């Protein structure tokens with residue numbers, strides 16, 4: 001077992017080395033330039049299209065185009081996938097390992113990731129298909145098969161995605177059981193039973209129930225965390241100017257740090273900040289196209305805008321709130337482990353806030369599980385068809401229970417390896433197919449002739 005752990009750890013480090021981070025950043029820069037800095041220049045328009053209109057009921061009734069979920073439901077489902085404990089523990093780890101400057105480089109990764117995620121969602125919409133049961137499905141395997149003309153690689157991608165989802169389910173359910181036991185004292189076996197029923201109620205209802213679940217749970221859980229984080233920051237508002245000064249100083253100085261903490265080089269700040277930003281928002285990983293391909297829309301670019309909003313909420317808002325809370329309260333100097341830094345920071349404002357962080361960690365992990373089931377279902381659907389894909393949810397629920405009562409150190413390393421193997425062909429595809437994104441983006445913002453989105457066009 002130790003040999004296997006060491007093997008997968010080394011393989012994971014090889015895949016997730018600096019070369020992959022540089023590649024992701026380069027693709028983000030490429031998409032940013034070729035789309036005319038869409039994530040910066042079009043922010044007011046994007047905000048109106050994705051946020052304002054989503055909360056106006058009359059606009060929900062006026063949705064045009066074909067699809068299964070509303071665009072807002074697809075956004076919430078995608079956020080359920082990427083807004084997780086990485087936004088809490090991951091940011092704290094980046095601060096401990098890379099210093100305050102990691103926050104700045106996390107912002108840079110987030111801004112560039114917006115363009116990448118926009119592009120992969122647009123491509124996912126172009127190549128999506130209508131399955132046998134009438135729902136719309138899409139994702140990297142579809143555009144790898146039809147766009148790259150490599151069906152064998154698409155089949156491999158779909159198979160790996162199913163394996164990755166099963167492992168991810170084990171990890172998320174294990175996280176829920178661990179936090180519940182620490183906060184409430186409920187044994188993992190009891191948590192397993194509760195999760196089986198609560199997750200089962202969602203996944204057995206299919207994609208439409210998942211969309212309904214996501215649009216109710218995600219705004220609630222993210223809203224609680226954001227509001228509490230803002231309160232923590234307000235209570236420490238006097239330190240905020242110093243915090244921002246420290247962030248920028250640490251990001252660019254040869255050696256920079258805060259009192260009680262070792263100095264950090266630019267390389268450390270950049271490495272951990274960029275990695276945290278990229279891992280958190282999942283830009284380039286291929287998960288977003290799977291979810292957004294199900295959305296009702298009249299134009300691929302219009303749905304792609306939701307990817308920009310997704311990264312904005314995940315990285316620029318939620319991760320930043322975590323970082324500012326830790327830095328403004330000064331707990332980074334306390335010597336606590338990264339896993340509890342955010343809880344300690346929130347708890348300094350009011351003891352109940354510490355429990356709220358724990359509750360948010362439970363909700364973040366729990367909300368991810370049904371979304372992962374959908375990923376797996378789409379993978380099986382691609383390989384075997386929608387009728388057989390329906391039955392995937394039953395072994396998936398079993399894995400949910402298994403994760404609560406298992407030790408998963410080896411699974412973590414295997415997960416990292418599979419995810420890395422999934423990212424590589426997706427990155428190749430979104431670069432190769434990028435001219436289609438740029439063409440549609442120009443048409444969308446500078447229409448000469450009305451664009452008609454036909455899901456059946458090749």
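Each Cβ is built from the backbone N, Cα and C atoms, and glycine gets one as well.
Taken from TrEMBL, the feature transmembrane segment applies to 16-38, 72-96, 102-127, 152-171, 183-205, 217-237, 243-266, 356-384, 391-412, 418-435.
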*asked:* Are there residues at least six beyond either end of the transmembrane segment (418-435) with Cβ under 8 Å to its Cβ atoms? List them, or say none.
replied: 12, 15-16, 20, 23-24, 27, 30-31, 34, 116, 119-120, 123, 126, 140, 143-144, 147-148, 153, 157, 160-161, 163-164, 167, 284-286
*Candidates 16-38, 217-237, 356-384, 391-412; stretch with most C-beta pairs under 8 Å toward the transmembrane segment (152-171)*: 356-384
*Out of 16-38, 183-205, 391-412, which stretch touches the transmembrane segment (102-127) the most, going by CB pairs under 8 Å?*
16-38
